[in-house]
C-alpha cells in the first residue's frame, strides 16, 4: 500500500469516527430536549417545578412566596402567591403590551408594592416610560435588567401602589398553571386571529376590572 493510499484510508476512518461522535452528541442533545419538554408537560402541578431556565438557577417557591428572576440572574424578586399581596393575574392583548414584550400578548400578574421584594439587582434595573401608546393616557414605566434586557415589571400612573410582573419570569413553572393562572383576558378586540378564548376566565373587549 502506498503512503497516499494509507493516508486516505486513515482519513476515512477518522472522519467516520468523528461523524459518529457528532451523531451521538446530537442524539444526546435531542433526547435531553425531548425530556425537558415531556417533564414540563407531565410535571406535578401541585409541587414546585423549577427548570434551569436562567443562568443563576437559584429560584425557589415555598407556598407563600416565590421568586421571579431575569434571564441572566442578575435581578431577582420575591412576591406573594396569594392575597392580599397578589392582586390578580391576566392576559393583555393591547398593542402596547404586544410591542413591549415582542410577542402576541402579555401574561401578567399584579402585586401590591408593600409585598414586593427586591432580593438582588435593584441597582441593575433600568427604567423607561411613556404615555403615548397607553390606552389610559397615563404614563407606564418599564423596569428592565440592564444586563440581559428582561422586562421584570411595569408601574403605571393609573395603578398607584401596584407593580405588574410577567408570569414568564416566575421560576416555579407550576405556579404558571395554578396560582398565577390568568383570571381574565383584556383587550380581546386586539387579539390576533390565530388565538382563541381560554375557557374559565373572564373576557373584556377593552380594559379589564382591576
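Every residue number used here counts from 1 along the chain in the order it is shown.
Including glycine, each Cβ sits where the backbone N, Cα and C put it.
Per TrEMBL, domain 'CENP-V/GFA' is recorded for 66-185.
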Tally of DSSP helical, extended and coil residues in the domain 'CENP-V/GFA' (66-185): 20 helix, 53 strand, 47 coil
PLDDT averaged over the residues of the domain 'CENP-V/GFA' (66-185): 95
